[in-house]
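Heads up, the thing below is written out as structure tokens.
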Amino acid sequence: MAVFRSGLLVLTTPLASLVPRLAPILTSAARLVNHTLYVHLQPGMNLGGPAQPQSSPVQATFEVIDFITHLYAGADLHRHLDVRILLTNIRTKSFLPPLPSSVQNLAHPPEVVLTDFQTLDGSQYNPVKQQLERYATSCYSCCPQLSSVLLYPDYGPGMLPVQPLDVPLPSTIRPASPVARSAKQPVRGHQRGAVGGTFDRLHNAHKVLLSVACILAQEQLVVGVADKDLLKSKLLPELLQPYTERVEHLSEFLVDIKPSLSFDLIPLLDPYGPAGSDPSLEFLVVSEETYRGGMAVNRFRLENGLEELTLYQIQLLKDLNPKENEEDKVSSSSFRQQMLGNLLRPPHKRPELPPGCYVIGLTGISGSGKSSVAQRLKGLGAYVIDSDQLGHRSYAPGGPAYQPVVEAFGTDILHKDGTINRKVLGSRVFGNKKQLKILTDIVWPVIAKLAREEVDQAVAEGKRVCVIDAAVLLEAGWQNMVHEVWTVVIPETEAVRRIVERDGLSEAAAQSRLQSQMSGQQLVDQSHVVLSTLWEPHVTQRQVEKAWALLQKRISEAPSDP
């Protein structure tokens with residue numbers, strides 16, 4: 001059967017019976033849709049009757065919200081799918097205006113409409129499919145040539161008949177003051193509320209948080225998106241999506257799921273944000289992790305003469321397949337870890353480089369562990385060129401940079417034996433941009449020439465991959481000598497600790513050294529592959545092996561020699 005880029009899944013089974021069926025339903029849908037799957041909830045709708053079904057309001061109860069969590073949790077097994085549960089027809093008891101008569105536009109108009117509704121004979125019965133297509137197009141903007149499929153998932157022998165759940169689902173949402181509730185208890189609506197987060201690589205746990213906030217809010221939802229100082233403590237912050245990109249994805253998702261709401265997406269620059277100062281806000285949605293932050297917001301409001309916000313705490317989604325060193329919850333941090341070793345952007349085409357040898361430029365801030373990664377790559381078969389060693393060669397008496405450097409900086413930079421005292425030379429140029437440029441204008445072209453000669457040597461030895469290990473790779477403009485730039489990153493605090501331990505410098509001196517270099521973010525912005533030595537050595541080894549295996553695949557699949 002054809003695979004569609006976008007689809008609409010209409011769920012008609014009563015919620016209590018639907019929860020145990022979710023996994024096979026989502027698996028069936030994931031075989032047909034490969035990008036965006038919208039989900040429309042209409043429990044009890046009959047597509048087999050004589051009358052054309054109409055969309056009707058679904059009251060927002062704790063059962064509905066818990067079901068939304070179950071669905072997004074199940075969708076996490078199909079991460080290629082961008083699942084979006086549409087909330088237009090889900091209403092709180094206190095706000096039940098009529099459903100909009102116009103068709104709702106969607107960012108990715110469905111090419112196929114699917115349903116869990118089943119005919120008695122298990123066939124693709126045309127009248128039912130026609131009802132389904134008419135229903136879908138009456139609610140949402142769909143592609144002109146809309147297809148329809150009745151899903152008949154394999155529920156397994158032990159699953160049917162399905163018994164209603166007598167025990168409420170685990171609570172997804174908890175008000176700050178716990179109250180006894182039943183699954184059928186309506187959720188209270190509010191006019192205006194807020195939610196905040198980083199929202200990097202919008203995932204299913206984010207979608208639960210945002211969906212609950214959208215159900216609670218009836219007029220406006222303020223969404224604080226963490227930026228600047230609030231990002232510094234994040235794991236692998238260099239791999240965070242830019243603020244504008246995160247906001248763009250957020251906005252599309254929010255407008256898709258509840259276009260009747262007004263959304264105010266603003267940068268979150270401190271822990272309180274608008275929730276701490278806006279008197280018109282009534283509630284704040286937090287996660288288990290950020291609940292204490294929500295309490296702090298309320299204390300801040302009270303101190304400033306504002307009423308407390310009603311806090312709604314959302315459970316975290318468990319990651320069903322966490323890898324070593326990853327969190328056991330669905331999180332952006334884990335997704336960023338999974339990016340390590342992957343190709344982030346297309347390689348450079350370098351027809352001017354020697355054919356038959358693929359050249360990697362390896363860089364990273366001081367203390368990043370770049371050289372240890374180079375040795376791991378060497379162990380896998382790469383020919384490694386150490387630019388520091390080339391620098392030593394160029395400075396040595398008789399070396400290509402020796403005489404020009406002495407002429408530029410004088411003989412007082414020499415040891416008694418005539419060799420260049422690099423410590424004295426370093427003190428001359430450190431903090432003096434003019435003097436540093438004089439030195440780099442002499443040395444960098446020489447090192448680049450020596451590196452090219454080393455690449456030629458690698459080709460002569462039959463090496464397929466050559467790695468240029470260079471801290472100044474990008475500052476020196478040597479990216480034009482490589483097909484890919486690989487960067488090793490670690491937090492600056494860890495880099496300082498390593499430099500102090502390795503080189504015997506003070507923390508201030510170590511920080512000064514780092515400030516004189518390109519930042520990890522600047523390096524990553526121009527990189528094709530990112531690695532990190534933050535964890536145990538065997539974790540780094542696995543990263544390098546993954547990156548190496550993917551590199552070999554790229555080389556073998558290349559249409560011609562690089």
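Every residue, even glycine, has its Cβ placed from backbone N, Cα and C.
Within 10 Å of the C-beta atom of G367 (ATP binding site) sit 23 other C-beta atoms, taking all shown protein chains into account. The feature ATP binding site is assigned by Swiss-Prot to G364, I365, S366, G367, S368, G369, K370, S371, with similarity to another entry given as support.
Along the domain 'DPCK' (359-562), the predicted structure has mean pLDDT 95. Taken from Swiss-Prot, the feature domain 'DPCK' covers 359-562.
What Swiss-Prot records for S177 (among others) is phosphoserine.
Residues annotated as phosphoserine in Swiss-Prot: S182 (among others).
If you look up Swiss-Prot, you'll see 179-357 marked as region 'Phosphopantetheine adenylyltransferase'.
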Neighbour tally for S368 (ATP binding site), based on other Cβ positions within 10 Å of its Cβ
24
Per DSSP, to which secondary structure element type does K370 (ATP binding site) belong, with helix, strand and coil as the options?
helix
Other than G364, I365, S366, G367, S368, G369, K370, S371, which residues of the chain come within 8 Å of the ATP site, judged by Cβ distance to the Cβ centroid of those residues?
A471, V488, I490, A495, T533
Other than its own, how many Cβ atoms are within 10 Å of the Cβ belonging to K370 (ATP binding site)?
23
Cβ-Cβ neighbours of S371 (ATP binding site) (radius 10 Å)
16
Neighbouring CB atoms within 10 angstroms of the CB of S366 (ATP binding site), all protein chains considered, total 17
